[in-house]
Amino acid sequence: MGNKWCGIFLTILLLAQMSQTIFGQNPNIPADDHHGAVPPELVMSAVVLKDGRIANYYINATVIETEFNNNPCPCVNQTELKAERLKVLKLWSAYTNYDQQYILDSYEQFATPDTLPDGTVNQFLHQFVVNGYATYSANSVAAEYALQANDANIHLFSELDPVSVEWQADNITVIYKIITNYTLPGLPGAPILDGFVNTHYVKFVPCKAEIWIDIMTQDSLVSTYLAAAQSNHPASDICDKIQQACTGPNQVYDSYESCLNYMSVVVNHTSFCPTGSLIANSSGCHYFHASSALNYPEIHCQHVRPYDSPTCQDFCLTQGCGNCDSNAECVFVSGSNSIVPKYQCKCKSGYVGNGTHCSPVTCSAQWQCPSEYNYGSCQNGLCGCNSGNGFKWVPDQATVNSHQACQCSENETVQWYNGVPECMPIGRCRYVWQCPQAATQYTSITCTKYGQNALVPFNTCLCNYGYDNLGFSYKCQCSVPKREIWSNVRQGTLCLAPNECTDNYHCASNNCQVQPGQWLGTCAA
């Protein structure tokens with residue numbers, strides 16, 4: 001496109017962005033303009049206006065998911081834009097690695113702001129979604145939650161896995177993985193859980209490097225562990241915080257006693273929604289918002305009000321689990337890239353069906369529950385899977401008939417250890433030959449323990465020194481000007497910079513100078 005037409009396009013783009021119409025329908029709806037029941041596709045967003053006031057908006061997730069599938073930027077150098085976005089992703093992935101001020105600065109620098117310079121509400125309100133757990137919007141609310149990744153009870157250290165980056169065809173979306181280490185001094189035993197792999201689904205503002213939407217799917221072991229670690233908070237603990245924070249125009253209860261009456265019901269309420277979520281009518285959800293109200297009462301007091309909290313409701317009942325069989329459970333649809341969480345009914349172990357209708361698979365002896373790898377079991381008159389080693393029940397009649405009811409989860413493979421089958425996540429190992437890189441890069445990887453993590457009983461497939469990435473489930477990449485070369489000293493293939501060496505033959509001078517006690521040296525001139 002010529003400079004003249006580019007100039008015209010950029011002028012149109014600027015004017016359209018000012019009116020916020022160029023890239024499809026504006027998904028934002030002022031809460032005061034919406035009347036009646038709130039449909040599930042509308043997500044509450046608390047916007048901090050220029051004067052400091054809080055304004056509630058509903059964000060139409062359907063508009064975002066359908067109106068932004070094609071985002072051309074004819075006058076933008078796509079290579080430069082992608083490089084700038086990648087630079088932002090590397091910094092964004094690591095914002096929890098430093099102090100809380102660094103987190104706030106990262107949100108101010110990289111995430112879309114609540115308002116534009118002229119004071120109008122941004123069409124692209126920032127969304128941070130932790131799949132199956134909670135949604136935080138807009139910028140200030142998301143930043144507030146991110147601060148919890150760096151406090152006295154938890155600390156996260158993360159880095160982008162550069163070879164995992166997958167740019168999507170819509171010109172604004174990228175999917176990538178980060179390697180995260182969790183330090184949790186606030187939980188029993190003060191566990192250190194290293195080497196989890198979390199997946200991010202990020203949308204940028206069209207034609208820019210501003211992060212609009214960030215959807216994170218946590219490693220399944222993280223979700224399971226945190227759900228189990230979540231305690232049930234007493235009604236008095238919740239109401240003490242509400243009494244302190246929600247006063248004046250933010251008051252939501254007539255008295256402390258009325259708060260106790262309501263929260264006592266919440267504490268004793270058994271939610272059908274998945275445990276560990278902050279989008280359920282649970283004491284955990286109310287406690288989180290009551291605690292957060294101490295800093296942001298305008299935002300969080302509304303979430304602890306009785307009966308019509310915008311967030312602490314059993315949303316799973318309207319998002320797929322409203323008609324489950326009594327022998328089914330509600331599960332989050334893993335891998336969802338939707339702003340609005342999706343759930344489904346799933347028959348419990350020992351039953352088959354579609355979740356809304358579940359039929360028992362009865363037995364009186366184990367031989368009546370055949371399964372591959374001999375992992376079927378008969379307990380209390382129902383077929384199931386032996387506990388341990390990761391095999392899960394698949395509630396499908398055809399699968400049961402083909403003796404495959406006990407299977408590994410997605411992204412796991414069956415491996416054998418001491419004559420016993422086990423489900424092993426791809427990228428984990430007990431031996432090098434189990435690594436996905438082994439077929440072509442056997443000498444470039446090791447099967448080694450990565451940090452500390454009592455939840456992961458396996459070693460990890462790690463690339464040798466110098467490679468661009470850690471390894472896990474991806475091939476080891478060695479970018480120029482580095483080169484892959486065999487090291488006699490290390491008995492493996494390394495990725496060395498031009499002046500690095502471990503053996504004399506690595507150098508044009510045939511002289512590798514290595515300091516005493518070291519194995520890596522530099523080539524002499």
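Cβ from N, Cα, C; glycine included.
Sequence annotations record features per position, and here Swiss-Prot assigns signal peptide to 1-24.
What Swiss-Prot lists as N-linked glycosylation site is N60 (among others).
Under the heading N-linked glycosylation site, Swiss-Prot lists N77 (among others), citing sequence analysis as support. In the three-state DSSP assignment, the secondary structure recorded for N77 (N-linked glycosylation site) is coil.
Residues or ranges marked as N-linked glycosylation site in Swiss-Prot: N171 (among others). All chains included, 19 other C-beta atoms sit within 10 angstroms of the C-beta of N171 (N-linked glycosylation site).
The DSSP secondary structure for N181 (N-linked glycosylation site) is strand. Its Cβ placed at the centre, N181 (N-linked glycosylation site) has 19 other Cβ atoms within 10 Å. Annotated N-linked glycosylation site per Swiss-Prot: N181 (among others), in sequence order.
The Cβ of N268 (N-linked glycosylation site) has 10 neighbouring Cβ atoms from other residues within 10 Å, across all protein chains displayed. DSSP gives N268 (N-linked glycosylation site) a helix state. What Swiss-Prot records for N268 (among others) is N-linked glycosylation site.
The Cβ of N281 (N-linked glycosylation site) has 21 neighbouring Cβ atoms from other residues within 10 Å, across all protein chains displayed. DSSP assigns N281 (N-linked glycosylation site) to coil, not to a helix or a strand. The N-linked glycosylation site annotation in Swiss-Prot covers N281 (among others) and is backed by sequence analysis.
Taken from Swiss-Prot, the feature domain 'EGF-like' applies to 317-359. Mean pLDDT for the domain 'EGF-like' (317-359) in this predicted model: 91.
In this structure, C321 (disulfide bond) belongs to neither helix nor strand by DSSP; it is coil. Positions annotated as disulfide bond by Swiss-Prot: C321-C330 (among others).
The local packing around C324 (disulfide bond), expressed as other Cβ atoms within 10 Å of its Cβ over all shown chains, amounts to 23. The feature disulfide bond is assigned by Swiss-Prot to C324-C345 (among others), with similarity to another entry given as support.
Reduced to three states, the DSSP call for C358 (disulfide bond) is strand. For C347-C358 (among others), the entry in Swiss-Prot reads disulfide bond.
Residues near N354 (N-linked glycosylation site) in space but far in sequence (CB under 8 A, at least 6 apart, same chain), listed by position: C345, C347. Annotation comment: Swiss-Prot describes N354 (among others) as N-linked glycosylation site, evidence class sequence analysis.
Reduced to three states, the DSSP call for N411 (N-linked glycosylation site) is coil. Annotated N-linked glycosylation site per Swiss-Prot: N411 (among others), in sequence order, evidence recorded as sequence analysis.
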Integer Å distance between the CA atoms belonging to C358 (disulfide bond) and N268 (N-linked glycosylation site): 27
Distance from N171 (N-linked glycosylation site) back to N60 (N-linked glycosylation site), taken between C-alpha atoms, in Å: 21
Cα-Cα distance linking N171 (N-linked glycosylation site) and N181 (N-linked glycosylation site), given in Å to the nearest integer: 31
Rounded Cα separation (Å) that holds between N171 (N-linked glycosylation site) and N281 (N-linked glycosylation site): 38
Candidate nearest N77 (N-linked glycosylation site) in space, where candidates are the recorded positions N281, C324, C330, C358, N411 and distance is Cα-Cα: N411
